[in-house]
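Engineer: What TrEMBL shows for this protein is this:
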- 93-165: domain 'PA' (DOMAIN)
- 1-22: signal peptide (SIGNAL)
- 192-210: transmembrane segment (TRANSMEM)
- 245-265: transmembrane segment (TRANSMEM)
- 271-300: transmembrane segment (TRANSMEM)
- 312-336: transmembrane segment (TRANSMEM)
- 342-362: transmembrane segment (TRANSMEM)
- 369-387: transmembrane segment (TRANSMEM)
- 424-446: transmembrane segment (TRANSMEM)
- 458-477: transmembrane segment (TRANSMEM)
- 489-506: transmembrane segment (TRANSMEM)
């Protein structure tokens, strides 16, 4: 059961291999026309409201291409009275002067620029336009517009936010608003902790994988030393429950993951996310249970070595039976309370446990298989983050990772941390595949080092870890340089991790052994060659010819 869960988890991880993302507040759009007086970048704007002198809701809108730039500091933003336009569409001059107020108008019947001009002529200091749909819309200018000397800022609010302000005003309340667009910090602590979380997960998973391999090898040598006959089926995992990936399965993982990703994209809805939550919860229970049993077995060895049969599950240890209820309750509590602000902690715990379990069960047998797996994932990641925009008009990977078209904060197959010092809030996220797929190669490097009895300095694991950490660090640098636009993390991680291992193996003259065998040459001390009788060898020169 654990092996099947590991394979399915690897599939889910491959489907979300490139979801390293933040949030972007600045949108550079070269398609929307830029002309004199209409060349602003599209930015998100915070609209804080006060009703009858008391602080009320905060709304998020988008600034227009035209007009002055909106201030970024809250202390520089003026608190200004909000007035309902008359007429409400502001396509003609308002009936009364407003003397510095911000006008609230509805979208439609005329151009955005025309509304702004009439509002400015009436004495307004700004204009807030209510969109007719829930989504935000970019307020642009027409190519043939020339007289665009607009000196008041314009902000578009989604329908729900706009009508909420409209209802408060029509009820006779006094409303004031403050508009500003704060900058994101250059480096948020969430990204630092997410980097540490990813690197730590790969580190722990690699050591567990190497320790399991060494224990298995020690057991085999002990049995051979005792003179017993042992049938080893390494390629199929044998009785140890381990799964070795081959080249064909490495390629198929990416093909099937692409189909899975398209299914997620096409079927993305609230009910489908609920299904993913259930699937993730089952995998998380399996991963958390496996990790806890491995940790507790040192102190509760009798319970971990005593088994009894359970229908549909086979032989189960008493320790597993004792731990399972806690894991199930933990996953259920997370699923029920996943909309709470602290639910990310439970999701990350379940996700990390699942990743560590998969890396311990699923193994890359040699560098050739690892190269095929990561190379396929490399191109898969680039295609679904960048190239998919040509066919789907949006990045399929990012849309699925964010959980667009649903009320969720994203699909559960992600590690995420809230951006605590970001004025815009939100989460920094990383897909399981950005940890799990390179982690398989790093774990292979440590298994090889231990089998070859290499030290940390002379082995491959240390440099593989440094390469993975460096690649992930470059990913976050690129993420910030691109104003928070989602990045294919494997675009940076794979060249670092795979390149370092290949270059180091070539330099040390061990590349062929790493590439084909995946383990050092070993002499079996339990095999004894019997000397052959002298008469069986050719000694006569005439016969030798």
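Numbers here mean position along the shown chain, with the first residue as 1.
Placement of Cβ uses the backbone N, Cα and C atoms for every residue, glycine included.
Please treat TrEMBL annotations as automatic predictions, because they have not gone through curation.
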Engineer: Looking at 192-210, 312-336, 369-387, which one has the highest count of Cβ pairs under 8 angstroms to the transmembrane segment (458-477)?
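Structural biologist: Per the Cβ under 8 Å count, 192-210.
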Engineer: Counting Cβ pairs under 8 Å to the transmembrane segment (271-300), which of 312-336, 342-362, 369-387, 424-446, 489-506 comes out on top?
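Structural biologist: Per the Cβ under 8 Å count, 312-336.
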Engineer: Relative to the transmembrane segment (424-446), which of 192-210, 342-362, 369-387 accounts for the most Cβ pairs at distances under 8 Å?
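Structural biologist: Ranking 192-210, 342-362, 369-387 by Cβ pairs under 8 Å to the transmembrane segment (424-446) puts 192-210 first.
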Engineer: What stretch, picked from 192-210, 312-336, 369-387, has the most CB pairs under 8 A with the transmembrane segment (342-362)?
Structural biologist: 192-210
Engineer: Taking every residue in the domain 'PA' (93-165), what is their average pLDDT?
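Structural biologist: The predicted confidence over the domain 'PA' (93-165), as a mean pLDDT, is 88.
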Engineer: Counting only residues 6+ away from its ends, which parts of the chain sit with a Cβ under 8 Å from the transmembrane segment (312-336)?
Structural biologist: 1, 277-278, 281-282, 284-285, 288-289, 292-293, 296-297, 300, 303-306, 343, 346-347, 349-350
